[in-house]
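A.B. asks: Sharing a structure below in structure tokens format, with a few things to ask.
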């Protein structure tokens, strides 16, 4: 082990690699399933593919760059900044994809009869494009000046050095904590989180309202209806919980860094917070895909067709979708 890498760093790198090895294949499988099953081509699954693409990029690009930044090689300031910005872009795209799916789930419960008329493929494509545009705007903002270059240049000049500063490439050396807290967290993370809380609270209210109506009207098999709606409710609660669990710790630590510079932050807490954010990408295929019957059947077919000698039977594209009853 190189002397510059601590035991905490080595453990962090190992966990990050493990997350990437789970995240990339899992999310590629989601995209693959949509490609091979025509029944998964509606607007709903476009948003799931958006999340899967973002999460593949997190595992394939963000995690390797995060490991590089954690090791801290000697680079020019702007080189380090270019390494840090893709991390911001792709993690932001995951957050916006989560929000898009939350809104989509709300519409499915709120207007089940008009859902397909409102959420058209064209509107879904516009929403997806908007997510990526916003992600690039948020993630590239440090490249346009909101960074730590001035402070680094002053320290560089004080040492009598000339030219562009050469630094040990670390995230906090190039990315301004004011940007991370005031702009990234207070504008682009916390509001989506609060909005999702409100959305899911409304969804729970609508489900409960529908349950009360349906229970009295469906005396034939109320347990079946209860089970279906309970599964939806549990999925929504899990989505919200995992989002908050994954993203809040790191941003809370950033707030501590900005508002209490003298406060000590144990390194292990920072590492745990970072891989929690990346780990959310590995969990998303389970939360968003494995709970949908059409995905489960398609995953099994992909496995049998490509990794076993015996091909799977054709996919029944008429499988009922796991949506609230119209």
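Residue 1 is the first one shown; counting continues down the chain.
Cβ from N, Cα, C; glycine included.
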A.B. asks: From the ranges 47-69, 208-230, grab the one Swiss-Prot calls transmembrane segment.
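C.D. replies: Here Swiss-Prot associates transmembrane segment with the stretch 47-69.
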A.B. asks: Can you dig out which of the ranges 152-176, 177-201 Swiss-Prot describes as transmembrane segment?
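C.D. replies: When 152-176, 177-201 are checked in Swiss-Prot, transmembrane segment belongs to 177-201.
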A.B. asks: Using the annotation in Swiss-Prot, determine whether residue 76 and residue 261 are placed on a common side of the membrane.
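C.D. replies: Going by what Swiss-Prot records, residue 261 is on the same face of the membrane as residue 76.
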A.B. asks: Any chance you could find the range in 47-69, 81-102, 124-146, 236-259 with the most Cβ pairs under 8 Å to the transmembrane segment (177-201)?
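C.D. replies: Between the stretches 47-69, 81-102, 124-146, 236-259, 236-259 has the largest tally.
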A.B. asks: Looking only at the topological domain 'Extracellular' (70-80), what are its DSSP counts of helix, strand and coil residues?
C.D. replies: 6 helix, 3 strand, 2 coil
A.B. asks: Say we define neighbours as other CB atoms within 10 Å of the CB. Which of the disulfide-bonded residues 80, 169 has the fewest?
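C.D. replies: Comparing Cβ neighbour counts within 10 Å for the disulfide-bonded residues 80, 169 gives 169.
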A.B. asks: Within the same chain, where does the topological domain 'Extracellular' (260-267) have neighbours whose Cβ lies under 8 angstroms from its own Cβ atoms, ignoring anything closer than 6 residues to its ends? I mean 6 or more beyond.
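C.D. replies: Hits for the topological domain 'Extracellular' (260-267): 6, 8, 253.
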A.B. asks: Quick check on the glycosylation sites: of 148, 159, whose CB has the lowest count of neighbouring CB atoms inside 10 Å?
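C.D. replies: 159, out of the glycosylation sites 148, 159, has the fewest neighbouring Cβ atoms within 10 Å.
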A.B. asks: How many Å separate the Cα atoms of residue 148 (N-linked glycosylation site) and residue 80 (disulfide bond)?
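C.D. replies: Counting only the Cα atoms, the answer is 11 Å.
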